[in-house]
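Student: The structure follows.
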Amino acid sequence: MFWCAFVVLFLALGNELSHATEVSVNNTENKLCLYANLMVNFSVTYEVGVNKSETVLFVLPENVTTEGSTCNNTTSTLKLGFGDGHSWAVEFTKDNKTYQVDSIVFTYNLNDSSVFPNSTSNETKSVTAEPRITNVGVDTYYSCKSENVQRVESVTQTLYDVTLQAFVTNGSKSDTDTVCAADLTSTTVAPTTTVTTTAAPTSTPTPTLPTPTTGNYSIAPDFNSTACLMATFGLRIGYKQGDKVETINLVPSATEVGGACGVNSSNLILTSDTITVMFTFSNDSKKFHLQALNVTVKQATGAVVVAANTNMSIWAAAVGSSYMCNKEQTLTVTDTLTLYTFKLRVQPFGVEKGEFATAVECFMDSDLSFLVPIAVGVALCFLIVLVLISYLIGRRKSRTGYQSV
């Protein structure tokens, strides 16, 4: 199977891919039998030409239909329809005192040009995922703020901030929840410490994060091939949380690597428990550059920060070479989220024998960077000389005018 080019198109919400969808389904007696309040992001890759594809990112919208949803004693289906022929269906089964999600079926219509522009296919395709939602107590609702990422074929579904209840009894949503394992694992309770002192209290400064560990990441077309995309860097993310700016480091040893290599576009996806970053590189046949960044951060509170920028033109170098910047770089993704890279080196195209090609250095690493303060100093000196000359000329004219009176 060939690896296709990727062009990321962000639809619907501009820079943010977060959207809550809330639905209720009633049974034949007009009583509530299914309830859902959740967020789902979709990433779909589709063909637009010979050995060329595009990737679109979109969300499950607020306004959906529930036609096709069913409620029975031991099986139920929540089917949400949206757009032109798209649907997202969750299949539930019940066994004694618990119920579970057996599968999620996502159906998408490639003939919908508003979502899949330039598609060479008019097919309607479906993918089935198994999201591992099990052992939910009857008369409780399933709650999971953590991300649940499902990758099947060319489709990635990301669920988060999920509230689901099937087999509702008495027509009312339960007040008791069954919390997902991911939320329980990430929940920590700070120990209680009692301190008695007569001195005036002092505030403890926020500890500074250590420099991020440098990670080595690569993508290969298959298990028997060498790398077609290589990257090495340390990564820190800063994001606004109220009036504060929180920072978090990406830990390479706890990060999964994904992505694909294409002719005109390639991407690198890094996923940890709290961070997901997708880098999209563009190739115009002579030079490559970083074109887009899509970042998701799960906060300690369970809330999710999502930001994207699809109009970037940095980390540029000739195709067949690599780009390198050992100094710390600051990349502004949005007004609320910033990336910091350390000891960076990337090559998204033209990798040979699994090794980096000759590097194009960033200006901060180059030998010419020392000229910047010198140039600033020279400019300031020149400005001072101009001001001094203007002052002397003005003073001389004043004296001449006085002597002629």
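Any Cβ shown, glycine's included, is placed from N, Cα and C.
Quick paste of what TrEMBL says about this protein:
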{"type": "DISULFID", "residues": "C144-C180", "note": "disulfide bond"}
{"type": "DISULFID", "residues": "C325-C362", "note": "disulfide bond"}
{"type": "DOMAIN", "residues": "24-168", "note": "domain 'Lysosome-associated membrane glycoprotein 2-like luminal'"}
{"type": "DOMAIN", "residues": "212-352", "note": "domain 'Lysosome-associated membrane glycoprotein 2-like luminal'"}
{"type": "DOMAIN", "residues": "372-403", "note": "domain 'Lysosome-associated membrane glycoprotein 2-like transmembrane'"}
{"type": "SIGNAL", "residues": "1-20", "note": "signal peptide"}
{"type": "TRANSMEM", "residues": "370-393", "note": "transmembrane segment"}
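Explain the structural surroundings of these features, please.
Tutor: A sphere of 10 angstroms centred on the C-beta of C180 (disulfide bond) encloses 20 other C-beta atoms.
For C325 (disulfide bond), the Cβ neighbour count at a 10 Å cut-off comes to 23, with all displayed protein chains included.
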Student: For the disulfide-bonded residues listed here (C144, C362), tell me which residue's CB has the most neighbouring CB atoms inside 10 Å.
Tutor: C144
Student: Between C325 (disulfide bond) and C180 (disulfide bond), how many Å separate their Cα atoms?
Tutor: 41
Student: To the nearest whole angstrom, state the Cα distance for the pair C362 (disulfide bond) and C180 (disulfide bond).
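Tutor: C362 (disulfide bond) and C180 (disulfide bond) have their Cα atoms 45 Å apart.
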